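The structure appears below as structure tokens.
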Amino acid sequence: EQPQRVAGATMRVFRRLRPALLLLLLCALLRCAHTFYLPGLAPVSFCDKDSSGKESDSTIELFVNRLDSVESVLPYEYTAFDFCSVASEKRPSENLGQVLFGERIEPSPYKEDKKIRWASRWDYILESMPHTNIQWFSIMNSLVIVLFLSGMVAMIMLRTLHKDIARYNQMDSVEDAQEEFGWKLVHGDVFRPPRKGMLLSVFLGSGTQIFIMTFVTLFFACLGFLSPANRGALMTCSVVLWVLLGTPAGYVAARFYKSFGGEKWKTNVLLTAFLCPGVVFADFFVMNLILWAEGSSAAMPFGTLVAILALWFCISVPLTFVGAYFGFKKSAIEHPVRTNQIPRQIPEQSFYTKPFPGIVMGGILPFGCIFIQLFFILNSIWSHQMYYMFGFLFLVFIILVITCSEATILLCYFHLCAEDYHWQWRSFLTSGFTAVYFLVYAVHYFFSKLQITGLASTILYFGYTMIMALIFFLFTGTIGFFACFWFVSKIYSVVKVD
């Protein structure tokens, strides 16, 4: 008994000292820690002489970039004008993002002495944009909207739905079952395949691809890997991620198309791989033709255009086929309730529960969360300002996802209570209608904030804006659909259905 008592006392002492031991272990590990620089962002030291007495980096090379104007969105190369140039030096190579933004790096005859404060070269940019207070105002405004929607959804989930589910589960007699009302009445039709299920599944696949691409890009930007000092890195990262994320797009599209009862799997795969990317590329190609005709540096060289097509056809398309293969190979998504053979007739709807008014109202709150941040993003694209506040942008991204989800769930519940079970397309369009408000704001921004003149610049502005609106439509629409899919599956899985 004595050894057992000693062992028990030892274990009790060890449990009490375990936090202190863990803290000591952490301190020991911290002593062995080393700092590191993010790739491509390590500072460069400029000095008169190195340790061996030789000259080392005593001057700073200056390179020239594109030339922009507030009256045009057409950038031009430095050498297109009669400026001093150096023809003998080797031209630095640009990455994919720099080429897409029209940046053409050229050597210049100017030499900068290490004494114009090289370490503080970003100060004038940061001091010229004192928008931190406005950013915090934007965040607070968005949080108020999120809290309002969260309260509404919580009230529905905790009070209304809880009472409904409890009442429905207590119904034992046929007479009680005949007195059902609200969202329980449509349990036999709520998972009926939607019209145009092929197109919806393709949109969901492309939207999933865009969502993951956006999340990963912003996450790396917050860590500092995509700093403005590393020019073109943001766009390069986005394009590479989009190419590599063909597998999730094909998988999601195939999985939902099979659940919708579709059988034309070849058409589904081809549309997922080519429909939305093809629309974006066609718009981009037309814009590139205009840039070529105007002699702008933003015109993509033919070799780069071929490289992008190669990335699309040789990497993204095969990966989409791989994802679709695994999506069709899996069994269809099992729904918690059976679907009736005969569709239920939908009663006459009031004005507020009709499709169009609900869709229009659903996009207002998500847009209200982003419109201030949207102003800075448009400034960085069209007014040639530096955007560096990726922490704010990532936080707004999270708030946008929550707001789209909660607003769509709220409206979906009201429509189900009105015995309208066509929620699939409505949930996608309700959240996706935020892109329409984005488009309207872009038109307002063009006429009120910019000084652009000329037909070519105007066509380019609205052409690129349409690309952004389409991407934003797929992104937000996919969020709304998945939120409603989870909500509908959840509430009908806890109700007894005879």
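Just so you know, glycine gets a Cβ as well, placed from its N, Cα and C.
What TrEMBL records for this protein:
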SIGNAL    1-35  signal peptide
TRANSMEM  136-158  transmembrane segment
TRANSMEM  202-226  transmembrane segment
TRANSMEM  232-257  transmembrane segment
TRANSMEM  269-293  transmembrane segment
TRANSMEM  305-328  transmembrane segment
TRANSMEM  359-382  transmembrane segment
TRANSMEM  388-416  transmembrane segment
TRANSMEM  428-447  transmembrane segment
TRANSMEM  459-488  transmembrane segment
Contact ranking winner - 136-158, 305-328, 388-416 against the transmembrane segment (428-447), Cβ under 8 Å: 388-416
Folded-back contacts onto the transmembrane segment (269-293), same chain, C-beta under 8 angstroms, at least six residues removed: 74, 102, 198-199, 201-203, 205-206, 246, 249-250, 253-254, 299-300, 305, 312, 316-317, 320-321, 324, 456, 459-460, 463-464, 466-467, 470-471, 474
Contact ranking winner - 136-158, 202-226, 359-382 against the transmembrane segment (459-488), Cβ under 8 Å: 202-226
Contacting positions for the transmembrane segment (202-226) when only residues 6+ beyond its ends and CB under 8 Å are counted: 38-41, 233-234, 237-238, 241-242, 245-246, 248-254, 256, 268, 271-272, 275-277, 320, 390-391, 393-394, 397, 428, 471, 474-475, 477-479, 481
Same-chain residues near the transmembrane segment (359-382), Cβ under 8 Å, at least 6 residues beyond its ends: 73, 131, 134-135, 137-138, 141-142, 145-146, 149, 389, 392-393, 396, 399-400, 403-404, 407-408, 411, 426, 429-438, 441-442, 445, 449-450, 452, 461, 476, 480
